[in-house]
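Report on one structure; see the data block that follows.
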Amino acid sequence: MAEAARLRHGATQERSSTMSVTNPGDREFHSYTTAMAAIGRDEPRPSGRWRMIVYSAIGIVMFFVPITLNGTTTIPLDHLVNGVRTLLGEADRFVALAIIAAGAVYPFVTGTWRQSALKAAFAFLAVLGLVTASMVVFGFGPEFVLNEDIGPFLMDSLVVQVGLIVPIGGIFLALIIGYGLMEFVGVYLRPAMRPVFRVPGRSAVDAVASFVGSYALGLLLTNRMYRGGRYTAKEGAIIAVGFSTVSATFMVIVARTLDLMGVWLWYFVGTLVVTFAVTALVVRLPPLSRIPDEVYPGAEPRPEQPVTHDRFAVARRAAEQTLAEAPSLPKNIWINFRDGLVMVMQILPSIMSVGLIALVLATYTPVFTWVGLVFWPFFWILGFSDPSLMATAAATSIAEMFIPATLLAGSDDLVARFVIGVVCVSAIIFFSAVVPAILATDLPIKLWHLVVIWVERVILTILLATPLAHLVAAVAV
(Lines of atoms letter the chains of each structure in order from A; the text may use other names.)
(Lines give C-alpha, C1' and ligand atoms only; values in the text may rest on other atoms or scores of the structure.)
Protein backbone atom coordinates (compact mmCIF):
# COMPACT_ATOMS: atom_id res chain seq x y z
CA MET A 1 0.00 0.00 0.00
CA ALA A 2 1.44 3.34 -1.00
CA GLU A 3 2.24 5.78 1.76
CA ALA A 4 -0.32 8.33 0.58
CA ALA A 5 -3.10 5.76 0.74
CA ARG A 6 -2.00 4.58 4.14
CA LEU A 7 -1.74 8.10 5.53
CA ARG A 8 -5.20 9.37 4.43
CA HIS A 9 -7.51 11.18 6.90
CA GLY A 10 -5.17 10.72 9.94
CA ALA A 11 -5.80 13.94 11.82
CA THR A 12 -9.51 13.31 11.71
CA GLN A 13 -9.04 9.84 13.17
CA GLU A 14 -6.98 10.65 16.21
CA ARG A 15 -8.15 7.67 18.21
CA SER A 16 -9.70 5.76 15.37
CA SER A 17 -10.36 2.07 15.68
CA THR A 18 -9.16 1.81 12.11
CA MET A 19 -6.23 4.06 12.86
CA SER A 20 -3.15 3.96 10.70
CA VAL A 21 -1.14 7.21 10.74
CA THR A 22 -3.27 8.53 7.95
CA ASN A 23 -3.02 11.90 6.26
CA PRO A 24 -4.73 14.74 8.10
CA GLY A 25 -4.34 16.88 5.04
CA ASP A 26 -1.38 18.41 3.28
CA ARG A 27 -2.26 21.80 4.72
CA GLU A 28 -1.53 20.77 8.32
CA PHE A 29 1.65 18.89 7.48
CA HIS A 30 2.88 21.67 5.20
CA SER A 31 2.23 24.18 7.96
CA TYR A 32 4.49 22.33 10.40
CA THR A 33 7.29 21.58 7.95
CA THR A 34 7.44 25.03 6.43
CA ALA A 35 7.32 26.61 9.87
CA MET A 36 10.42 24.66 10.85
CA ALA A 37 12.04 25.43 7.52
CA ALA A 38 11.47 29.12 8.15
CA ILE A 39 13.80 28.97 11.14
CA GLY A 40 17.04 30.58 10.20
CA ARG A 41 15.72 32.78 7.39
CA ASP A 42 13.89 36.06 7.46
CA GLU A 43 10.38 35.71 6.09
CA PRO A 44 8.07 38.67 5.39
CA ARG A 45 5.58 39.23 8.18
CA PRO A 46 2.01 38.15 7.42
CA SER A 47 -0.97 40.42 7.90
CA GLY A 48 -3.31 39.80 10.82
CA ARG A 49 -0.60 38.89 13.32
CA TRP A 50 -3.12 39.66 16.04
CA ARG A 51 -4.78 36.33 15.23
CA MET A 52 -2.03 34.33 16.92
CA ILE A 53 -2.50 36.23 20.17
CA VAL A 54 -6.29 36.50 20.17
CA TYR A 55 -7.16 33.05 18.84
CA SER A 56 -4.55 31.29 20.97
CA ALA A 57 -5.80 33.17 24.03
CA ILE A 58 -9.38 32.06 23.34
CA GLY A 59 -8.24 28.45 23.01
CA ILE A 60 -6.23 28.64 26.22
CA VAL A 61 -9.16 30.12 28.14
CA MET A 62 -11.54 27.43 26.86
CA PHE A 63 -9.22 24.62 27.97
CA PHE A 64 -7.34 25.94 30.98
CA VAL A 65 -9.19 28.75 32.83
CA PRO A 66 -11.87 27.41 35.21
CA ILE A 67 -14.98 29.53 35.68
CA THR A 68 -18.01 29.08 37.94
CA LEU A 69 -21.50 28.75 36.46
CA ASN A 70 -24.56 27.70 38.47
CA GLY A 71 -22.34 26.68 41.37
CA THR A 72 -20.12 24.42 39.25
CA THR A 73 -16.48 25.33 38.68
CA THR A 74 -14.86 23.85 35.61
CA ILE A 75 -13.29 24.91 32.31
CA PRO A 76 -15.50 26.72 29.76
CA LEU A 77 -15.30 23.81 27.31
CA ASP A 78 -16.81 21.51 29.93
CA HIS A 79 -19.59 24.01 30.64
CA LEU A 80 -20.33 24.23 26.91
CA VAL A 81 -20.50 20.46 26.46
CA ASN A 82 -22.75 20.11 29.53
CA GLY A 83 -25.04 22.77 28.07
CA VAL A 84 -25.31 20.94 24.76
CA ARG A 85 -26.04 17.67 26.55
CA THR A 86 -28.76 19.36 28.60
CA LEU A 87 -30.38 20.63 25.40
CA LEU A 88 -30.31 17.13 23.92
CA GLY A 89 -31.88 15.56 27.00
CA GLU A 90 -32.78 11.90 26.56
CA ALA A 91 -31.95 12.12 22.85
CA ASP A 92 -28.21 12.09 23.61
CA ARG A 93 -28.04 8.28 23.46
CA PHE A 94 -29.74 8.22 20.06
CA VAL A 95 -27.33 10.83 18.71
CA ALA A 96 -24.44 8.66 19.90
CA LEU A 97 -26.03 5.56 18.37
CA ALA A 98 -26.41 7.33 15.01
CA ILE A 99 -22.73 8.29 15.06
CA ILE A 100 -21.75 4.71 15.93
CA ALA A 101 -23.89 3.38 13.08
CA ALA A 102 -22.18 5.75 10.65
CA GLY A 103 -18.79 4.68 11.97
CA ALA A 104 -19.63 0.99 11.61
CA VAL A 105 -20.72 1.42 7.99
CA TYR A 106 -17.90 3.78 6.97
CA PRO A 107 -15.06 1.20 6.51
CA PHE A 108 -17.27 -0.96 4.29
CA VAL A 109 -18.61 1.93 2.20
CA THR A 110 -15.12 3.32 1.58
CA GLY A 111 -13.52 -0.11 1.21
CA THR A 112 -10.78 0.65 3.74
CA TRP A 113 -11.50 -2.61 5.55
CA ARG A 114 -9.86 -4.46 2.63
CA GLN A 115 -6.55 -2.61 2.94
CA SER A 116 -5.07 -4.85 5.62
CA ALA A 117 -5.94 -7.57 8.11
CA LEU A 118 -5.60 -5.02 10.90
CA LYS A 119 -8.13 -2.66 9.31
CA ALA A 120 -10.47 -5.57 8.66
CA ALA A 121 -10.30 -6.56 12.33
CA PHE A 122 -11.11 -3.05 13.50
CA ALA A 123 -13.91 -2.74 10.94
CA PHE A 124 -15.63 -5.80 12.39
CA LEU A 125 -15.00 -4.51 15.90
CA ALA A 126 -16.86 -1.36 14.83
CA VAL A 127 -19.83 -3.55 13.84
CA LEU A 128 -19.63 -5.21 17.25
CA GLY A 129 -19.68 -1.74 18.77
CA LEU A 130 -22.89 -0.94 16.89
CA VAL A 131 -24.50 -4.17 18.12
CA THR A 132 -23.61 -3.58 21.77
CA ALA A 133 -24.61 0.10 21.59
CA SER A 134 -28.00 -0.91 20.18
CA MET A 135 -28.44 -3.37 23.06
CA VAL A 136 -27.76 -0.63 25.61
CA VAL A 137 -29.97 2.00 23.97
CA PHE A 138 -32.95 -0.31 23.40
CA GLY A 139 -32.47 -2.44 26.54
CA PHE A 140 -32.04 -5.94 25.17
CA GLY A 141 -29.21 -8.44 25.23
CA PRO A 142 -27.12 -10.43 27.71
CA GLU A 143 -26.74 -9.36 31.31
CA PHE A 144 -23.03 -8.69 31.02
CA VAL A 145 -23.72 -6.02 28.37
CA LEU A 146 -26.63 -4.43 30.25
CA ASN A 147 -24.76 -4.45 33.57
CA GLU A 148 -24.98 -0.84 34.79
CA ASP A 149 -21.22 -0.80 35.35
CA ILE A 150 -20.44 -1.94 31.80
CA GLY A 151 -22.69 -1.13 28.82
CA PRO A 152 -24.77 1.75 30.24
CA PHE A 153 -21.69 3.15 31.98
CA LEU A 154 -19.71 3.21 28.74
CA MET A 155 -22.62 4.78 26.87
CA ASP A 156 -23.51 7.51 29.36
CA SER A 157 -20.12 8.33 30.87
CA LEU A 158 -17.85 7.95 27.84
CA VAL A 159 -19.60 7.53 24.49
CA VAL A 160 -22.00 10.46 24.79
CA GLN A 161 -19.36 12.70 26.38
CA VAL A 162 -16.73 11.87 23.78
CA GLY A 163 -19.24 12.23 20.97
CA LEU A 164 -19.88 15.82 22.03
CA ILE A 165 -16.53 16.99 23.30
CA VAL A 166 -14.40 15.89 20.35
CA PRO A 167 -16.07 17.98 17.61
CA ILE A 168 -16.75 20.90 19.96
CA GLY A 169 -13.31 20.72 21.57
CA GLY A 170 -11.65 20.35 18.19
CA ILE A 171 -12.84 23.84 17.26
CA PHE A 172 -11.05 25.44 20.20
CA LEU A 173 -8.04 23.13 20.04
CA ALA A 174 -7.46 24.38 16.50
CA LEU A 175 -7.13 27.90 17.91
CA ILE A 176 -4.21 26.73 20.06
CA ILE A 177 -2.32 24.67 17.50
CA GLY A 178 -3.31 26.30 14.21
CA TYR A 179 -2.12 29.90 14.45
CA GLY A 180 1.54 29.72 15.41
CA LEU A 181 1.57 29.30 19.19
CA MET A 182 2.96 25.75 19.08
CA GLU A 183 5.76 26.77 16.72
CA PHE A 184 6.65 29.73 18.92
CA VAL A 185 6.81 27.57 22.05
CA GLY A 186 8.64 24.81 20.19
CA VAL A 187 11.61 27.04 19.39
CA TYR A 188 12.14 27.74 23.08
CA LEU A 189 11.95 24.03 23.92
CA ARG A 190 14.55 23.04 21.33
CA PRO A 191 17.66 23.34 23.60
CA ALA A 192 16.24 20.68 25.94
CA MET A 193 15.35 18.09 23.33
CA ARG A 194 18.76 16.54 22.59
CA PRO A 195 20.19 16.30 26.14
CA VAL A 196 16.91 15.27 27.79
CA PHE A 197 15.13 13.17 25.17
CA ARG A 198 17.97 12.34 22.73
CA VAL A 199 16.09 13.75 19.76
CA PRO A 200 16.81 16.76 17.52
CA GLY A 201 15.70 20.19 18.66
CA ARG A 202 13.40 20.44 15.66
CA SER A 203 11.24 17.72 17.21
CA ALA A 204 10.02 20.16 19.88
CA VAL A 205 7.16 21.30 17.65
CA ASP A 206 6.31 17.67 16.93
CA ALA A 207 6.29 16.82 20.64
CA VAL A 208 4.18 19.79 21.72
CA ALA A 209 1.69 19.35 18.88
CA SER A 210 1.36 15.64 19.66
CA PHE A 211 0.76 16.21 23.38
CA VAL A 212 -1.62 19.16 23.16
CA GLY A 213 -3.30 18.28 19.88
CA SER A 214 -3.54 15.24 17.67
CA TYR A 215 -1.14 12.33 18.00
CA ALA A 216 -2.27 11.33 14.51
CA LEU A 217 -0.81 14.56 13.17
CA GLY A 218 2.29 14.05 15.30
CA LEU A 219 2.83 10.53 13.98
CA LEU A 220 2.32 11.70 10.41
CA LEU A 221 4.94 14.39 10.88
CA THR A 222 7.31 11.94 12.59
CA ASN A 223 7.02 9.42 9.76
CA ARG A 224 7.60 12.06 7.10
CA MET A 225 10.61 13.46 8.96
CA TYR A 226 12.06 9.95 9.27
CA ARG A 227 11.56 9.16 5.59
CA GLY A 228 13.07 12.52 4.69
CA GLY A 229 16.29 11.90 6.63
CA ARG A 230 15.56 14.47 9.34
CA TYR A 231 15.08 11.84 12.06
CA THR A 232 16.95 8.59 12.53
CA ALA A 233 15.02 5.41 13.30
CA LYS A 234 15.77 5.77 17.02
CA GLU A 235 14.78 9.44 17.09
CA GLY A 236 11.52 8.74 15.26
CA ALA A 237 10.72 5.83 17.58
CA ILE A 238 11.38 7.98 20.66
CA ILE A 239 8.99 10.65 19.42
CA ALA A 240 6.34 8.11 18.41
CA VAL A 241 6.21 6.26 21.74
CA GLY A 242 7.22 9.19 23.94
CA PHE A 243 4.97 12.05 22.90
CA SER A 244 2.02 10.59 20.96
CA THR A 245 -0.55 11.03 23.70
CA VAL A 246 -4.27 11.57 23.32
CA SER A 247 -5.28 15.20 23.01
CA ALA A 248 -6.35 17.62 25.71
CA THR A 249 -10.00 16.98 24.84
CA PHE A 250 -9.66 13.35 25.89
CA MET A 251 -7.86 14.39 29.06
CA VAL A 252 -10.99 16.35 29.95
CA ILE A 253 -13.05 13.15 29.62
CA VAL A 254 -10.63 11.27 31.89
CA ALA A 255 -10.73 14.10 34.42
CA ARG A 256 -14.54 14.17 34.37
CA THR A 257 -14.78 10.40 34.79
CA LEU A 258 -12.42 10.49 37.78
CA ASP A 259 -13.95 13.68 39.26
CA LEU A 260 -10.68 15.58 38.79
CA MET A 261 -12.10 18.72 37.17
CA GLY A 262 -11.75 20.48 40.51
CA VAL A 263 -7.98 20.07 40.17
CA TRP A 264 -7.90 20.26 36.35
CA LEU A 265 -4.85 22.51 36.04
CA TRP A 266 -2.92 20.35 38.49
CA TYR A 267 -3.95 17.28 36.54
CA PHE A 268 -3.08 18.68 33.12
CA VAL A 269 0.28 20.13 34.10
CA GLY A 270 1.12 17.11 36.26
CA THR A 271 0.31 14.74 33.42
CA LEU A 272 2.47 16.75 31.03
CA VAL A 273 5.42 16.76 33.43
CA VAL A 274 5.13 13.06 34.30
CA THR A 275 4.67 12.01 30.67
CA PHE A 276 7.75 13.89 29.52
CA ALA A 277 9.78 12.73 32.54
CA VAL A 278 8.85 9.10 31.84
CA THR A 279 9.87 9.56 28.22
CA ALA A 280 13.25 10.96 29.29
CA LEU A 281 13.83 7.77 31.30
CA VAL A 282 12.43 5.25 28.82
CA VAL A 283 14.69 6.49 26.01
CA ARG A 284 17.62 5.23 28.08
CA LEU A 285 16.16 1.73 28.51
CA PRO A 286 15.94 -1.17 26.07
CA PRO A 287 14.25 -1.83 23.71
CA LEU A 288 14.03 1.85 22.76
CA SER A 289 17.71 2.50 23.42
CA ARG A 290 18.69 -0.35 21.10
CA ILE A 291 16.79 0.75 18.01
CA PRO A 292 19.37 1.62 15.31
CA ASP A 293 20.37 5.27 15.14
CA GLU A 294 20.21 5.18 11.35
CA VAL A 295 18.34 7.20 8.74
CA TYR A 296 15.63 5.74 6.53
CA PRO A 297 17.12 3.46 3.83
CA GLY A 298 17.92 5.56 0.78
CA ALA A 299 17.28 8.88 2.51
CA GLU A 300 19.92 11.60 2.66
CA PRO A 301 20.79 12.59 6.26
CA ARG A 302 19.72 16.15 7.02
CA PRO A 303 21.09 17.20 10.41
CA GLU A 304 19.58 20.37 11.82
CA GLN A 305 21.39 23.64 12.23
CA PRO A 306 21.42 25.02 15.78
CA VAL A 307 19.77 28.33 16.62
CA THR A 308 22.72 30.64 17.20
CA HIS A 309 21.07 34.06 17.18
CA ASP A 310 18.05 35.88 18.63
CA ARG A 311 15.77 33.05 19.75
CA PHE A 312 12.74 35.33 19.98
CA ALA A 313 13.19 36.40 16.37
CA VAL A 314 13.49 32.77 15.28
CA ALA A 315 10.38 31.81 17.26
CA ARG A 316 8.48 34.75 15.80
CA ARG A 317 9.40 33.79 12.23
CA ALA A 318 8.35 30.17 12.79
CA ALA A 319 5.01 31.30 14.22
CA GLU A 320 4.44 33.85 11.47
CA GLN A 321 5.11 31.25 8.78
CA THR A 322 2.35 29.06 10.21
CA LEU A 323 0.09 32.09 10.65
CA ALA A 324 0.58 33.10 7.02
CA GLU A 325 -0.74 29.71 5.88
CA ALA A 326 -3.56 29.43 8.41
CA PRO A 327 -7.13 29.44 7.03
CA SER A 328 -9.75 32.03 7.94
CA LEU A 329 -11.50 31.53 11.26
CA PRO A 330 -14.88 30.41 9.81
CA LYS A 331 -13.15 27.94 7.49
CA ASN A 332 -10.99 26.61 10.32
CA ILE A 333 -14.03 26.19 12.57
CA TRP A 334 -15.89 24.25 9.89
CA ILE A 335 -12.87 22.08 9.00
CA ASN A 336 -12.21 21.11 12.60
CA PHE A 337 -15.86 20.56 13.48
CA ARG A 338 -16.27 18.36 10.40
CA ASP A 339 -13.07 16.48 11.16
CA GLY A 340 -14.22 16.01 14.74
CA LEU A 341 -17.43 14.39 13.54
CA VAL A 342 -15.49 12.03 11.30
CA MET A 343 -13.18 11.27 14.21
CA VAL A 344 -15.97 10.30 16.60
CA MET A 345 -17.40 8.00 13.94
CA GLN A 346 -14.25 5.95 14.49
CA ILE A 347 -13.85 6.51 18.24
CA LEU A 348 -17.31 5.60 19.52
CA PRO A 349 -17.56 2.11 17.96
CA SER A 350 -14.12 1.38 19.41
CA ILE A 351 -15.24 2.33 22.90
CA MET A 352 -18.35 0.14 22.65
CA SER A 353 -16.35 -2.84 21.35
CA VAL A 354 -12.76 -2.82 22.61
CA GLY A 355 -13.77 -0.89 25.72
CA LEU A 356 -16.67 -3.22 26.48
CA ILE A 357 -14.50 -6.31 25.98
CA ALA A 358 -11.93 -4.88 28.38
CA LEU A 359 -14.57 -4.09 31.01
CA VAL A 360 -16.16 -7.53 30.68
CA LEU A 361 -12.75 -9.17 31.08
CA ALA A 362 -11.98 -6.96 34.07
CA THR A 363 -15.37 -7.68 35.69
CA TYR A 364 -15.89 -11.37 34.99
CA THR A 365 -12.39 -12.81 34.45
CA PRO A 366 -9.01 -12.58 36.17
CA VAL A 367 -7.14 -11.67 32.95
CA PHE A 368 -6.27 -8.10 33.91
CA THR A 369 -5.76 -9.15 37.52
CA TRP A 370 -3.04 -11.48 36.29
CA VAL A 371 -1.51 -8.81 34.06
CA GLY A 372 -1.75 -6.37 36.94
CA LEU A 373 0.52 -8.54 39.08
CA VAL A 374 3.38 -6.78 37.28
CA PHE A 375 2.31 -3.49 38.87
CA TRP A 376 0.94 -4.73 42.23
CA PRO A 377 4.28 -4.53 44.11
CA PHE A 378 4.69 -0.87 43.21
CA PHE A 379 1.23 0.13 44.41
CA TRP A 380 1.73 -1.93 47.58
CA ILE A 381 5.11 -0.37 48.37
CA LEU A 382 3.68 3.11 47.79
CA GLY A 383 0.99 2.44 50.39
CA PHE A 384 -2.24 2.41 48.38
CA SER A 385 -5.18 1.00 50.32
CA ASP A 386 -6.29 -1.27 47.45
CA PRO A 387 -3.19 -2.15 45.41
CA SER A 388 -5.01 -4.96 43.62
CA LEU A 389 -7.66 -2.62 42.19
CA MET A 390 -5.00 -0.09 41.21
CA ALA A 391 -2.89 -2.76 39.52
CA THR A 392 -5.87 -4.14 37.61
CA ALA A 393 -6.87 -0.65 36.49
CA ALA A 394 -3.35 0.12 35.30
CA ALA A 395 -3.24 -3.18 33.40
CA THR A 396 -6.39 -2.34 31.43
CA SER A 397 -4.67 0.69 29.90
CA ILE A 398 -3.07 -1.60 27.31
CA ALA A 399 -6.52 -2.29 25.82
CA GLU A 400 -8.07 1.19 25.86
CA MET A 401 -6.85 4.36 27.58
CA PHE A 402 -10.27 5.19 29.10
CA ILE A 403 -10.81 1.90 30.92
CA PRO A 404 -8.55 2.54 33.96
CA ALA A 405 -10.59 5.65 34.70
CA THR A 406 -13.84 3.69 34.63
CA LEU A 407 -12.53 1.24 37.24
CA LEU A 408 -11.60 4.04 39.67
CA ALA A 409 -14.64 6.22 39.02
CA GLY A 410 -16.45 6.91 42.27
CA SER A 411 -13.46 6.22 44.49
CA ASP A 412 -13.09 8.45 47.55
CA ASP A 413 -9.30 8.35 47.29
CA LEU A 414 -8.13 11.47 45.40
CA VAL A 415 -4.54 10.21 45.27
CA ALA A 416 -5.62 6.94 43.66
CA ARG A 417 -7.86 8.70 41.15
CA PHE A 418 -5.14 11.20 40.26
CA VAL A 419 -2.49 8.52 39.71
CA ILE A 420 -4.76 6.42 37.50
CA GLY A 421 -5.75 9.55 35.59
CA VAL A 422 -2.09 10.20 34.82
CA VAL A 423 -1.54 6.55 33.86
CA CYS A 424 -4.37 6.81 31.31
CA VAL A 425 -2.39 9.43 29.39
CA SER A 426 1.25 8.75 30.23
CA ALA A 427 1.10 5.06 29.31
CA ILE A 428 0.53 6.26 25.70
CA ILE A 429 0.34 2.76 24.17
CA PHE A 430 -3.06 1.08 23.83
CA PHE A 431 -4.43 -1.38 21.31
CA SER A 432 -7.65 0.38 20.33
CA ALA A 433 -5.77 3.13 18.47
CA VAL A 434 -2.12 3.95 19.11
CA VAL A 435 -0.67 0.48 18.53
CA PRO A 436 -2.04 0.12 14.99
CA ALA A 437 -1.13 3.77 14.34
CA ILE A 438 2.53 3.28 15.23
CA LEU A 439 2.80 -0.08 13.48
CA ALA A 440 1.50 1.57 10.31
CA THR A 441 4.51 3.91 10.12
CA ASP A 442 7.84 3.05 8.49
CA LEU A 443 9.61 3.12 11.85
CA PRO A 444 11.33 -0.18 12.81
CA ILE A 445 9.14 -0.72 15.90
CA LYS A 446 7.85 -4.22 16.60
CA LEU A 447 4.76 -5.22 18.57
CA TRP A 448 6.81 -6.70 21.42
CA HIS A 449 8.72 -3.40 21.63
CA LEU A 450 5.45 -1.60 22.27
CA VAL A 451 4.33 -4.04 24.96
CA VAL A 452 7.65 -3.79 26.83
CA ILE A 453 7.69 0.00 26.53
CA TRP A 454 4.10 0.09 27.85
CA VAL A 455 5.15 -1.86 30.96
CA GLU A 456 8.11 0.47 31.49
CA ARG A 457 5.97 3.58 31.07
CA VAL A 458 3.25 2.40 33.45
CA ILE A 459 5.74 1.48 36.20
CA LEU A 460 7.61 4.78 35.90
CA THR A 461 4.35 6.72 35.80
CA ILE A 462 3.19 5.06 39.02
CA LEU A 463 6.45 5.97 40.74
CA LEU A 464 6.47 9.59 39.56
CA ALA A 465 2.75 10.38 39.75
CA THR A 466 2.20 9.11 43.30
CA PRO A 467 4.23 11.79 45.15
CA LEU A 468 2.71 14.42 42.87
CA ALA A 469 -0.77 13.14 43.71
CA HIS A 470 -0.05 13.41 47.43
CA LEU A 471 1.12 16.99 46.87
CA VAL A 472 -2.09 17.82 45.01
CA ALA A 473 -4.19 16.24 47.75
CA ALA A 474 -2.35 18.31 50.36
CA VAL A 475 -2.42 21.75 48.73
CA ALA A 476 -5.11 21.83 46.07
CA VAL A 477 -8.17 20.56 47.94
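The backbone N, Cα and C atoms fix where each Cβ goes, and this holds for glycine too.
Quick look at what TrEMBL lists:
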- 13-23: compositional bias 'Polar residues' (COMPBIAS)
- 159-258: domain 'Nucleoside transporter/FeoB GTPase Gate' (DOMAIN)
- 1-24: region 'Disordered' (REGION)
- 52-71: transmembrane segment (TRANSMEM)
- 91-109: transmembrane segment (TRANSMEM)
- 121-140: transmembrane segment (TRANSMEM)
- 160-189: transmembrane segment (TRANSMEM)
- 237-258: transmembrane segment (TRANSMEM)
- 264-283: transmembrane segment (TRANSMEM)
- 341-361: transmembrane segment (TRANSMEM)
- 367-384: transmembrane segment (TRANSMEM)
- 391-409: transmembrane segment (TRANSMEM)
- 415-439: transmembrane segment (TRANSMEM)
- 451-476: transmembrane segment (TRANSMEM)
Surrounding residues of the transmembrane segment (160-189) on its own chain - C-beta under 8 Å, 6+ positions past either end: 31-32, 35-36, 39, 51-52, 55-56, 58-60, 62-63, 77, 80-81, 84-85, 92-93, 95-96, 99, 201, 204-205, 207-209, 212-213, 247-250, 252-253, 256, 307, 311, 314-316, 318-323, 326-327, 332-333, 335-337, 339-341, 343-344, 347-348, 351
Contact check, the transmembrane segment (264-283) vs the transmembrane segment (367-384), 3+ Cβ pairs under 8 Å, seq sep 6+: no
Criterion met for the transmembrane segment (121-140) and the transmembrane segment (237-258) (at least three Cβ pairs under 8 Å): no
Residue counts (helix, strand, coil, in that order) that DSSP gives for the domain 'Nucleoside transporter/FeoB GTPase Gate' (159-258): 80 helix, 0 strand, 20 coil
Contact call for the transmembrane segment (415-439) and the transmembrane segment (52-71): at least 3 Cβ pairs under 8 Å, seq gap 6+: no
Outside the transmembrane segment (341-361), six or more residues from its ends: residues with CB under 8 Å to it: 9, 12-19, 96, 99-100, 102-104, 106, 122, 125-130, 132-133, 136, 144-145, 149-151, 153-155, 158-159, 162-163, 166-167, 170, 367-368, 396, 399-400, 402-403, 406, 431-433
Contact between the transmembrane segment (391-409) and the transmembrane segment (91-109) (3 or more Cβ pairs under 8 Å, separation 6+): no
For the domain 'Nucleoside transporter/FeoB GTPase Gate' (159-258), mean pLDDT (0 to 100): 81
